[in-house]
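One structure is given below, represented as structure tokens, and several questions about it will come after.
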Amino acid sequence: MRLHLLLLLALCGAGTTAAELSYSLRGNWSICNGNGSLELPGAVPGCVHSALFQQGLIQDSYYRFNDLNYRWVSLDNWTYSKEFKIPFEISKWQKVNLILEGVDTVSKILFNEVTIGETDNMFNRYSFDITNVVRDVNSIELRFQSAVLYAAQQSKAHTRYQVPPDCPPLVQKGECHVNFVRKEQCSFSWDWGPSFPTQGIWKDVRIEAYNICHLNYFTFSPIYDKSAQEWNLEIESTFDVVSSKPVGGQVIVAIPKLQTQQTYSIELQPGKRIVELFVNISKNITVETWWPHGHGNQTGYNMTVLFELDGGLNIEKSAKVYFRTVELIEEPIKGSPGLSFYFKINGFPIFLKGSNWIPADSFQDRVTSELLRLLLQSVVDANMNTLRVWGGGIYEQDEFYELCDELGIMVWQDFMFACALYPTDQGFLDSVTAEVAYQIKRLKSHPSIIIWSGNNENEEALMMNWYHISFTDRPIYIKDYVTLYVKNIRELVLAGDKSRPFITSSPTNGAETVAEAWVSQNPNSNYFGDVHFYDYISDCWNWKVFPKARFASEYGYQSWPSFSTLEKVSSTEDWSFNSKFSLHRQHHEGGNKQMLYQAGLHFKLPQSTDPLRTFKDTIYLTQVMQAQCVKTETEFYRRSRSEIVDQQGHTMGALYWQLNDIWQAPSWASLEYGGKWKMLHYFAQNFFAPLLPVGFENENTFYIYGVSDLHSDYSMTLSVRVHTWSSLEPVCSRVTERFVMKGGEAVCLYEEPVSELLRRCGNCTRESCVVSFYLSADHELLSPTNYHFLSSPKEAVGLCKAQITAIISQQGDIFVFDLETSAVAPFVWLDVGSIPGRFSDNGFLMTEKTRTILFYPWEPTSKNELEQSFHVTSLTDIY
């Protein structure tokens, strides 16, 4: 067991002083292509694709087949340039730097026609000394090289041996050799996304001028004294001292609400200097801890750090201080070989519930603050507490992590390496070293981040031999793997952040991987670490096909996004499941067939003679299939948290693949591009509920487990009802004796042979009846109402076509949908087209004549607009 104790401080800002000035170069720049035939203005931060679109030179890059039509943009070499006048007297400053927070990706930088440096890493922050070349009036140029061409050159130059994979599968329509360039890996395509290898200045760029000294980095390391039961804090400040003499002064650290104020004397010698301060927080002060969503508050404390230095130089930093501990528990389990794999936050075992995050857009300048908040609010609204930031995308922007801190979303943070082997030549390692060191400094202050992971699936790719490497050559690649992730990235993490755990890969066997010299024979073992699991052939309603693993960090099924989302980027001839557009948009080999196959196991496929109706019905059915499959699998993981069966179990995490979409296409996402909730996301709101009854069958016996994520025990009852498909009145019901549901456990609450249940309920057969159940106390509902199908819906007897009507009214900012049905209706789907917002529930089984559902609009709308856009579908409508 490894103990990681954490006190975190999120930087909020800094005061400017008389001894330093900053001048932003954000805004309008000039852009031209390689041969100078195309010149246009472009915004910074931004990229070439966005600039071309904003000038009307290209359409929306996501429209129809434009990912192929605009491939030329990524293959050209573009130049960004700007002329500007600095609004202060430059000669008064001892040091002037050009700061680039993010350059995408390969460029040569000229300042006043002097080459000052190069960039080759999208994830690094670059600082160039321009003291000797800067003037009052200046010019700057970034001459980009196509990342696609650069990657090909780097691969060609690596002559000693191949570093696979060379190219993505043809179905992805992507570019090759992405593993040779430190750029967003999915920008060369993925099985859910397009190929748009962008070029541009994608983050802030500015001039910094200073005298005496400058504070470059300001980071924090926590120390918790268990014996004294008190918090301490190490503050690490990195200075660039340009004074020729030592700089003395004092530092005042203040956290008012913790009644903490301490003063330190410091002296800085010329050059790059690090100051470490040790702050003690009295154990007599009650410190409120930061908790994940659903487990407590996200309490933070304001802190100021004031440096009062010689020469009248004052530098002030403000920060938000969060207190929490994180432990990754890997220890023996009675009755099972291997080790546990779960997290304790503030000493309490937490079941991680959530999903995997991918970039929200191929063009990061389109990812607004509003979109980030919308997507992350949807995470907690669905009762999730965790996101895994997947290693094939980007280290997200600061605001993403700030929102996760605020909302209580734990972050599993991958380093940006995915589904590939990587070179380990010195130039590549040097670039990675700078990247990782910078990202650790930037992100370590966030309480939301609970673990670093070295890569996505690269250990599995190597050991399961995805790339058909010969047995004799394998040691070369194992050596490279250990060099990159263990000897470099791991060492950087251990040196830069001792406050949270690190694992080399996902999936991995954790401590067992370490014992096996960093590469396990089976990284997907059910007895160690985490697993990734995908199976599109086995029946997803059969829980026995799922791994009873310690932690499921990836699993899922595809579906199509709603018609209103696809309509924006398609034309009328595209609106069929077998159209050229539908095949083009599917980047997962065989994906469309897999969806229909899985749906056909339990549902009748759409039978309309109208092609457009069939397309819409098929979209609906893929979302039903996806939601039901992921529900079955997630509920299996949740009910496995407290038990060992056949030596397997104690599952303590379920992160389905994937949360969000990068464009409008079929994928594993539960949120469509732009944020609209698929049926799966509504299901997640229920299957991730803090209290949940889970029903399943084993050997013709029906079981209901109670699952609790709560910290306390609660007294309650379980109600079980059986309906026939042909009646809105239950044919029988049963309420258990009152029992105590223990916090943080999953236990069996109900057990009955299916034959006995059917006999007890009169005329029921498997095909004619359905079971629903819920937890309550004193007539108060404590859980969602869950259900269990006794047979496939395609075999249902008595299921009638339901006539469902809705009366819409408004209450403040919320709209009320009063529904009425003529018959039992499975998978009732309420849709208001492109009107942004979400319902309180959706995709539900309607077994009562009336039901009230709320609609929460994300933008102003009206009752009339909703009535015009509203459409309701249930399962029998597609037959």
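Quick reminder: no glycine exception, Cβ is built from N, Cα and C everywhere.
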Mind checking which of CYS761, CYS764 has the disulfide with CYS732 in Swiss-Prot?
CYS761
Can you tell which of CYS748, CYS769 Swiss-Prot lists as bonded to CYS764 through a disulfide?
CYS769
Candidates are CYS167, CYS186. Which one does Swiss-Prot pair with CYS176 through a disulfide bond?
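If we follow Swiss-Prot, the cysteine bonded to CYS176 turns out to be CYS167.
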Around the substrate site (TRP190, ASP191, TRP192, ASN456), what further same-chain residues have their C-beta within 8 angstroms of the site's C-beta centre?
CYS186, GLY193, ILE358, GLY392, ALA418, CYS419
Please state whether DSSP places ASN28 (N-linked glycosylation site) in a helix, a strand or coil.
strand
Restricting the comparison to the recorded positions TRP190, TRP192, GLU457, which residue's C-alpha is spatially nearest the C-alpha of CYS732 (disulfide bond)?
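Going through TRP190, TRP192, GLU457 one by one, the Cα closest to that of CYS732 (disulfide bond) is TRP192.
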Residues with Cβ closer than 8 Å to the Cβ of ASN456 (substrate binding site), same chain and 6+ apart in sequence?
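Listed in sequence order, they are TRP390, GLY391, GLY392, ASP414, PHE417, ALA418, CYS419, SER505, SER506.
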In angstrom units, rounded to an integer, how far apart are the Cα atoms of CYS764 (disulfide bond) and GLU554 (active site, nucleophile)?
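On Cα coordinates alone, these residues lie 38 Å apart.
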List nothing but the largest Cα to Cα distance in Å, as a whole number, among the residues TRP190, ASP191, TRP192, ASN456 that the record says bind substrate.
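The span, Cα to Cα at its widest, is 16 Å.
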May I ask which of the recorded positions ASN77, TRP192, ASN302, CYS540, CYS761 is closest to GLU457 (active site, proton donor) if we compare their C-alpha atoms?
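It is TRP192, whose Cα lies nearest.
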Between ASN280, ASN302, ASN763, which of the glycosylation sites has the fewest other CB atoms within 10 angstroms in the structure shown?
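The glycosylation sites ASN280, ASN302, ASN763 were compared, and ASN763 has the fewest Cβ atoms within 10 Å.
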I need the CA-to-CA distance for TRP192 (substrate binding site) versus ASN28 (N-linked glycosylation site), whole Å please.
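TRP192 (substrate binding site) to ASN28 (N-linked glycosylation site), Cα-Cα distance: 33 Å.
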